[in-house]
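**Student:** Here's the feature list from TrEMBL:
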- Arg223, 248-249, 262-266, 279-286, Asn300, 318-319: FAD binding site (BINDING)
- 21-203: domain 'Electron transfer flavoprotein alpha/beta-subunit N-terminal' (DOMAIN)
Amino acid sequence: MIFPRTLFKNVFTSGYRYNSTLVVAEHSGDALSKITLNAISAANKLGSDISVLVTGSNVKKIAEETSKVNGVKKVIVADDPKLKDQLPEYVADVIVAAHKQNSYGSIIAGASSFSRGIIPRVGGILDVSPISEITEIHSNDTFTRPMYAGNAMAKIKSKAPVKLITVRGAAFEAAPNTGGSGSIEDAPKVEIKEHGATFVSKEIVKSDRPELTSAKIVVSGGRGFKSKENFELVYKFADALNAGVGASRAAVDAGFCPNDLQVGQTGKIVNPSLYICCGISGAIQHVAGMKDSKVIVAINTDKEAPIFQIADYGLVADIFKAIPEFIDEVKNTK
């Protein structure tokens, strides 16, 4: 086991409420993200004094939704037009201001692209090393997190006065979004300064398919599809099963599909009830993102492919023949 010391220097050295936790909310503007519910569930293991910070513009609806989450004691709202696009530089300043006022024992966010841009900045300002993607909480200062693409688990004890943490959503059940009655109050006033970062654009892709990280069934495709046109077979397979669509990094890098579908160490972490990987060899970086799936099915022409070592069910077959047969069979059973 590894017990690295979290280093710190000029952070606040007294007055910490060690059982108090600030959860940084992630939302789409219309609804709270599921990974925030996972983070709130993790926060419950640290103590009952849980506050949630909601940032953005016109976020009254999000704040009210958050206040109803079971376990939330207080919702702190930073509603400002400058926070509309939630640039990490701006959100980090709000988090630090909230911490200065309330001296939290822990600051938690879900492990996602949203938090990856924010939490390291907060750590830089507070001079505290973040502990990323934890999967288990032993106490308010001791945690477990994966290392080496999930091939090793490190037990980490932090001596920092404030614990800066991101949590893997797959490791914690989502907190119930009803039953809570948290109060709502304004965040401390903070001057949102220009940091040299400018919002350029956001592309919102709408789909009738289940969202990848919350889908109960996921169908993923890899380099074995050989082209963007052939990758359409993955979409057809997923639609037949009402499943979300994922991909390996190799498929994304080859341009077969957009990078928001990437599953793996540098992509999204999923844990569906059923994960079907087609034409994916099973690199450890991809496995790190899906190994917690309840049932894993692999289809590959190479019987020596590493993916078969972790699959619950494996089929050595040509994906271009097997998948159409699967689709026909599914349609016949409906």
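Numbering starts at 1 and runs along the chain as it is shown here.
Every residue gets a Cβ built from N, Cα and C, even glycine.
Automatic, uncurated: that is what TrEMBL annotation is.
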**Student:** Same-chain residues six or more away whose CB lies under 8 A from the CB of Gln262 (FAD binding site)?
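**Tutor:** Non-local contacts for Gln262 (FAD binding site): Gly246, Ala247, Ser248, Arg249, Val252, Lys268.
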**Student:** For the domain 'Electron transfer flavoprotein alpha/beta-subunit N-terminal' (21-203), what's the mean pLDDT in this predicted model?
**Tutor:** 93
**Student:** On a simple 10 Å Cβ count over all chains shown, which one of the binding-site residues Ile280, Ala283, Ile319 is most densely packed?
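**Tutor:** Highest number of other Cβ atoms within 10 Å: Ile280.
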**Student:** Among the binding-site residues Arg223, His286, which residue has its Cβ surrounded by the fewest other Cβ atoms within 10 Å?
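**Tutor:** Across Arg223, His286, these binding-site residues, the one with fewest Cβ atoms within 10 Å is Arg223.
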